[in-house]
């Protein structure tokens, strides 16, 4: 078993999976003046993620909730379902239980309605679900071709280390809390997104794809902050401001995800990178993950365009919370 694990470890870290032809892990050794990303750095993200979960809990309980109440956010009064062990056991299944419970069908339907409302997050909970963003200004943000200058021997900057650690820890913290957060209609898509995010950030760190990775993360958080602020204003009943911000968010999302991301990020990753090195496993793996993200962008963009069409044409006069549940939340890659 020991030799099997050793062989698997050697196979997993084979340099041809991580670096272009002509480079090995020996070329990424540190010196007194130059530091490179080390895979063992990723072990730090678990305690960081748990710390973020704790900070988020304390923030929601002692700051966001009292602040929300002072600003006028009030939870709706919801009727609890009366105790019924049989219905509780089979809750969630679309099967008629009227004969088993000896109840009219209408009463069973009403019970399920009450039981469903118990699981809905309160307005205060939604008000507390805010994200944070980190932004860095680097040359490759303006000229993506700079991502490949000197690759893979690009020194690790201290700020870039913390940027990656915080983004990856935040993505992992979101995954930890998905079972307790607001349930969304696109739960499966969110799971795919979080998994892709964690793999993408982890691989880009180990393979020193830091520049292109940071560019991807910056594009994603640019619209996430606007979405969270829009939701906050909506829960405060500031309709006009929330509608204006929703239009702003939609514009930023569609431009960054459907224009900037494919035309700048995907283009430089697919084509500009080959000026510096020949395609290898990491080239195909990285671009495959980026394409998964782009497919999710198209999916969420279609939902936003559908909402905009209804909103602009007067089909709906407000953006209801059920619509918010369809939008991407907590995206950081």
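Positions of Cβ are set from backbone N, Cα and C atoms, glycine also.
According to TrEMBL:
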{"type": "DOMAIN", "residues": "113-313", "note": "domain 'TLC'"}
{"type": "TRANSMEM", "residues": "42-59", "note": "transmembrane segment"}
{"type": "TRANSMEM", "residues": "161-180", "note": "transmembrane segment"}
{"type": "TRANSMEM", "residues": "209-229", "note": "transmembrane segment"}
{"type": "TRANSMEM", "residues": "241-261", "note": "transmembrane segment"}
{"type": "TRANSMEM", "residues": "281-305", "note": "transmembrane segment"}
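Proximity of the transmembrane segment (209-229) to the transmembrane segment (281-305) is established through 3 or more Cβ-Cβ distances under 8 Å for residue pairs spaced 6 or more apart. Looking only at the domain 'TLC' (113-313), the predicted model's pLDDT averages out at 81.
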